[in-house]
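Data first, discussion second: the structure below is written as structure tokens.
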């Protein structure tokens, strides 16, 4: 009987391109393809524009990343609606006046956080599957929006907010990109350098083990949904600054792309593995792809099909990655 | 009479553990044959090779003299073998009828289910057990609405509906009431009369004597002896199960790695009863624990013995706040110990190294760093939130060195480590939290010999530093080596307390086995 000795962790030494690198490569390839098909696609101004579009998706997807890492089928389908609602509240309270920015943003984020809290409580205490809970929440928030606006959004962004988002301060880059960078760093810090982040990964990787390690899993999950809604609210405020006035479905279309960005970024839908850098790259891939398809003047139906195919191709490339999970 | 069933040289290895090491079993038609042995002797694995849920690495199985290849449950079924396990496999949402005919649903033409035939078949199988259901067969009730004993009977009926030649009952009486056991035994005797071979495993020796004709005893995955029960005493049977070489009548397998040398070794190297009483447990009761009370001193190792599944793991979970407690409480250093949630227990100074490392102890896909930090990082975090990468790395490094965990990088997923090193990571995460009470559930199970010794050293070290250590082990030798005292559990209650010199493998096994079944729950 040979005693099994320590097997060296050899697999970890062999470098394979991770999902983040793969997605990054895809983004670069798409940009090059765009430039070849339509010269000027990769011009400075164009790229900055693409990045600006990517920023909104990317900020919404911060919360989505957190919720998906938490595992247990975690997903927040209500992010788009919550962002819309936050923008609507912000617009009405600001009413175009800089003096109202702080109460407007505070109220919008508070309402968003409250919606997230209800999501979190529903998922943990009532054990409603996240998919169902947050899908239902879309309807509830839609109702709240109608009740709040009476079907007609009002107010407008404060000038200071607009110049913060659109104004070009350094290198002729819009302020939005710096805000994105700031929020991105905050997200990475939350996930990598806080007890919350490490608890979150633990709960996502193995909830039973997390609880038997003294992690308050329920509390961690609730906080994940609160954060998701709050970041969605922030994205709504940024959108408000960009568009200056709101409409009733301002950010609704971000729902599925936010999930797609997370998945393209290599975060496992099963939870416990992933991070925000990947999500940011994923958002860029999706945005560049959209830009390319628009440039090629491909019809809406085909655009959707190509989108889906790219997603499938990327995910099948990641397939090998998953075997490590036991 | 020629043998109906002949198994020879059956071997099965799980990772580092040789579960079956050339086991054999020969039994004839119309016999109730007991399969006995201490924890980890391979009884269940042998049962499962017969039922096709485990495929052996090597070995020969003959049925009616013809070589049988059992590659899965379907093969077993085709050969006329049916098995019933302690773990229920009834489908709660299906009716009793649907459960009984599951997999052999009578079909009409075009593949439509013949409901009437299904009911008749289920009724036939269940009829013999009518007494166990207080007279009325619950054919149309969902199985989940039945009591655990009744569900177990449905399992047996399901096996009988297959009209087996060989029926395997693996701890099938564990959840039955006394009356239900009687009904089952009556049915088994009928089957015997009809020429069926019943292979019977139970931890209740009195049941074995009441029902079985012969018994085959396994130890360390090998067959030690087959005895005629009418001419054997309980004592002799127990002797066969604990490796007492002088009294073993049949060929003694060459003792592997001194497993039997230690049998009667006296208690050695323990600092018995040093500190003051630190942990007091009073009347702890849950679904599976009955009125458990004991005290442990600081610096003492309290072993939990008995057959597996008698409530040892449940007791450790209860002390860690991870079981629903219906009565009783615990005091640590005179203060009430919160038993309502693991998080609260952990903050009160309790640590649990759970029995199922992969499912309860570690985060396979996460880095070693996080696995080590998780239980104690709140102590090092600023404002309980902000972590310092350097401080976490220092803490993890210190534990890697202290426990000599063999790793590549702290950033590698813990799944890349060997079993022994994974277990050290699970223990290490708690040591960083400096616990007062350390609960260990079979910590050396499934790790290699070298790692086992290292884990023993860690356990001794913890006690030497004054921690309260409670150790459950399925390995009696481990208990004799490490414990200052051993509580032997039987069906959720403390059956006996062994101290100092009385902790021998022999005593542990006889204590675990020889008790009359307590009143069933």
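Placed from the backbone N, Cα and C atoms, the Cβ positions cover glycine too.
Whatever TrEMBL says is automated annotation, not expert-curated.
Residues or ranges marked as transmembrane segment by TrEMBL: A:20-38 (among others). Long-range Cβ contacts of the transmembrane segment (A:20-38) within its own chain (Cβ-Cβ under 8 Å, at least 6 residues beyond either end) map to 47, 264-266, 275, 277-278, 281-282, 284-285, 288-289, 291-292, 295-296, 310, 314, 317-318.
Taking Cβ pairs closer than 8 Å, the transmembrane segment (A:50-71) reaches residues 79-80, 83, 116, 130, 174, 176-177, 179-180, 183-184, 187, 190-191, 200-201, 203-205, 207, 220-221, 224-225, 227-232, 234-235, 238-239, 242, 251, 254, 257-259, 261-263, 265, 267-276, 279-280, 282-284, 286-288, 290-291 in its own chain, all 6 or more past its ends. As annotated by TrEMBL, transmembrane segment applies to A:50-71 (among others).
According to TrEMBL, the feature transmembrane segment maps to A:101-122 (among others).
Residues or ranges marked as transmembrane segment in TrEMBL: A:128-148 (among others). Packing against the transmembrane segment (A:128-148) from elsewhere in the chain are residues 67, 72-78, 80-82, 84-85, 88-89, 92, 115, 118-119, 122, 248, 255: each is 6 or more residues past its ends and has a CB under 8 Å from a CB in it.
Sequence annotations record features per position, and here TrEMBL assigns transmembrane segment to A:169-191 (among others).
Summarising the annotation, TrEMBL assigns transmembrane segment to A:222-242 (among others). When Cβ-Cβ distances below 8 Å are used as the criterion, the transmembrane segment (A:222-242) is approached by residues 52, 55-56, 59-60, 62-64, 66-67, 69-70, 74, 76, 78-80, 82-88, 90-91, 105, 108-109, 111-113, 115-117, 119-121, 123-124, 157, 161-162, 164-166, 176, 179, 183, 187, 190, 196, 200, 250-251, 254 of the same chain, each at least six residues removed from its ends.
The transmembrane segment feature in TrEMBL is assigned to A:254-278 (among others).
Per TrEMBL, transmembrane segment is recorded for A:298-318 (among others). Cβ atoms under 8 Å from those of the transmembrane segment (A:298-318) belong to residues 19, 22-23, 26, 260, 263-264, 266, 285-286, 289-290 of the same chain, restricted to positions at least 6 beyond its ends.
Long-range neighbours of the transmembrane segment (A:254-278) within the same chain, counting only residues 6 or more positions beyond its ends whose Cβ lies under 8 Å from a Cβ of the stretch, are 18-20, 22-23, 56-58, 60-62, 64-65, 68-72, 74-75, 77-81, 83, 138, 184, 187-188, 191-192, 201-206, 235, 285-286, 311, 314-315, 318, 321-322, 325.
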